[in-house]
Amino acid sequence: MLLSIYGVMASDMARGQQKIQSQQKNAKKQAEQKKKQGHDQKAAAKAALIYTCTVCRTQMPDPKTFKQHFESKHPKTPLPPELADVQA
């Protein structure tokens with residue numbers, strides 16, 4: 001067993017350096033994964049908004065919400081034909 005000038009075994013120093021490198025690599029990998037995950041959530045949320053109000057161009061996720069929006073925000077405007085059979 002070889003001791004360095006600091007009184008620590010030479011193999012322990014290598015392990016410490018490898019540990020630091022491993023932690024840095026892991027932190028970088030997790031940051032990339034988190035960044036990628038946030039982007040996917042944003043795209044999925046945008047894709048879920050498939051109904052668009054013909055009057056104010058607001059996007060909604062489902063026909064029930066769309067009909068409630070239309071009835072509350074645009075009461076004087078006739079209901080679009082795609083919302084006629086939807087139950088709110």
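Backbone N, Cα and C define each Cβ position, glycine as well.
Marked as domain 'Small EDRK-rich factor-like N-terminal' by TrEMBL: 13-49.
Across the range of the region 'Disordered' (14-42), the DSSP-based residue counts are 29 helix, 0 strand, 0 coil. Positions annotated as region 'Disordered' by TrEMBL: 14-42 (among others).
Sequence annotations record features per position, and here TrEMBL assigns compositional bias 'Basic and acidic residues' to 29-42 (among others).
For the domain 'C2H2-type' (51-73), the residues of the chain that approach it from at least six positions outside its boundaries are 79-80, 82-83, 86-88, judged by C-beta separation under 8 angstroms. Annotation source TrEMBL lists domain 'C2H2-type' at 51-73.
Under DSSP, residues within the compositional bias 'Basic and acidic residues' (65-74) fall into helix, strand and coil as 9 helix, 0 strand, 1 coil. Summarising the annotation, TrEMBL assigns compositional bias 'Basic and acidic residues' to 65-74 (among others).
Summarising the annotation, TrEMBL assigns region 'Disordered' to 65-88 (among others).
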